[in-house]
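K.L.:
What TrEMBL records for this protein is below:
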DOMAIN    272-374  domain 'HTH araC/xylS-type'
TRANSMEM  6-26  transmembrane segment
TRANSMEM  38-60  transmembrane segment
TRANSMEM  66-85  transmembrane segment
TRANSMEM  97-117  transmembrane segment
TRANSMEM  142-163  transmembrane segment
TRANSMEM  183-204  transmembrane segment
TRANSMEM  210-234  transmembrane segment
Amino acid sequence: MRLSLITASLILAIFTFVVVAGFSLFSAGPRKSSARLLAGFLLAVAASLGNFLYVTSGWAAQEPRYAFLGNTLGLAAAPLLYLYACSLAVDGFRLRLASALHFAPVLGVLGVVLASYTGQSTPVQRAILHDASYSSALNSPLLQAAIFFYVFVYLLLSVRVLLRHRALYKQQQATTGLAELTWLRVSLAGTLLLAVVEVLHQLLVGRWPLAWLDTGFVLVQATASFLFGFYFLVQALRQSAQAPAPVNLLNASEDKYGPHRLSHAELLDNATRIEAFLAHSGAHLQGTISIADLADRLPITARDISQTLNRHFGLSFFDFINQHRCEHARRLLAEQPAMTVTEVQTRSGFSSKSSFYTAFRKCAGMTPLAYRQSLAASTQRTGPVS
C-alpha cells in the first residue's frame, strides 16, 4: 500500500510537471526566454523524478541500464532555475553561447554515467545500483559531494538573484511580474526542500541501512514532489482561466490618475524642475536613487514625479534615471578615451556591469566598448578637428 501510494504520487508529480512545462512553452507573453527556462527547469525536475520512480518501483532491478540517466539530466534543473531567476532580474535578458557553460558539470557527470555504468554488463550495473560499497566512480563519495555542492551553489545564486529582483521590483513599484516572482520563489523552496531531503536520505540511510527509514524518506520525497507539482498545475490553470479585462484605451490614462491627474502645464513645470535638479546635483550618478529620494529633495510628491515621468517623458522612473546615466557615460567615453569602461560605469552611477551594459545597449544600441570603438573609427575617418 505504501509503495503504491509512492508510485502514484510520483506518476502524478511527473505528469503535472510535464503539463505545466507545456503550458509555459506555449503560453503567450512578453518573456519568451523566461517561459522557456521555466519549462526546461520543470522538465529537468520531471526527469529526476522519473529516475526516482524507475528505481523505487522496481523497474530498475529488472532493466538497470537506464538508471542514473534521469538523475543526471535532472541536475540541469539547478542552473536552469538560476538562469530563470536572471531572466526576471535583468531587463532584455538573452541566452548566449556562454550560458552553456553552466551545464558543463552536467555533461561531465553524464560522461561518467555512460562510461562507468551504462557501458557495463547487467550484473555490474545491478551491483553498482544496489551496493553502495561496490567499487565504481558513481559510488564515490567525492563525486556525490561534488554533485550536491553544484546543486546548492546554484540554488544559493538563485536566492541572491531573487533578493536583488525583489528589491528592484519594489523600487520600480511595478504591477507586473508578481506571478513570475511567486513561481520563482516556490521553485526555489521546492527544489531546496527536495535537495535537503535527498542529502539526509543519503547520509542517514547510508549510516543506518534500515528498510523502514529508507521507505520513510522515499515517501516524504514522493509526497513533497506531488505537492510541488500540484501547486504548479493549480497556478497554471488559474492563470490560464484569468482572461484579461477589457481596456478602454481612450480613457485608460485618465482612469489611472483620477483626481490626481496633472495638467500639461504642471507636467512641463515638474519636468523642468526634475531635469534642472539632476543637472545641478548629479544625484543620479551617486549610486542607488529612488523616487522617494527625489521627492525628499524637490517640492514635488513621489506620485507627481512618477506621473510626470510616465506622461511627459514616456518612461518609468528607472528608465529615466538610466537614460541620464547613459548620456553621462557616452560623454565620458567620448571625452575620456583613457578611462576604463569599469570606471565609466562607476562614475555614471551604475552598480554592476550587467545593469550598465543592459541599460547602455538599450539607449545606444550597442555595448559601451563597441560605442567607444565606433567613436575611434569615426575619428580616424574624419581626422582630428583643428
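Note that Cβ sites are derived from N, Cα and C of the backbone, with glycine treated the same way.
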K.L.:
What are the helix, strand and coil residue counts for the domain 'HTH araC/xylS-type' (272-374) according to DSSP?
P.N.:
76 helix, 0 strand, 27 coil
K.L.:
Is the transmembrane segment (97-117) close to the transmembrane segment (38-60), in the sense of at least 3 CB pairs under 8 angstroms with a sequence gap of 6 or more?
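P.N.:
Contact criterion not met.
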K.L.:
What is the average pLDDT across the domain 'HTH araC/xylS-type' (272-374)?
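P.N.:
Here the mean pLDDT over the domain 'HTH araC/xylS-type' (272-374) amounts to 89.
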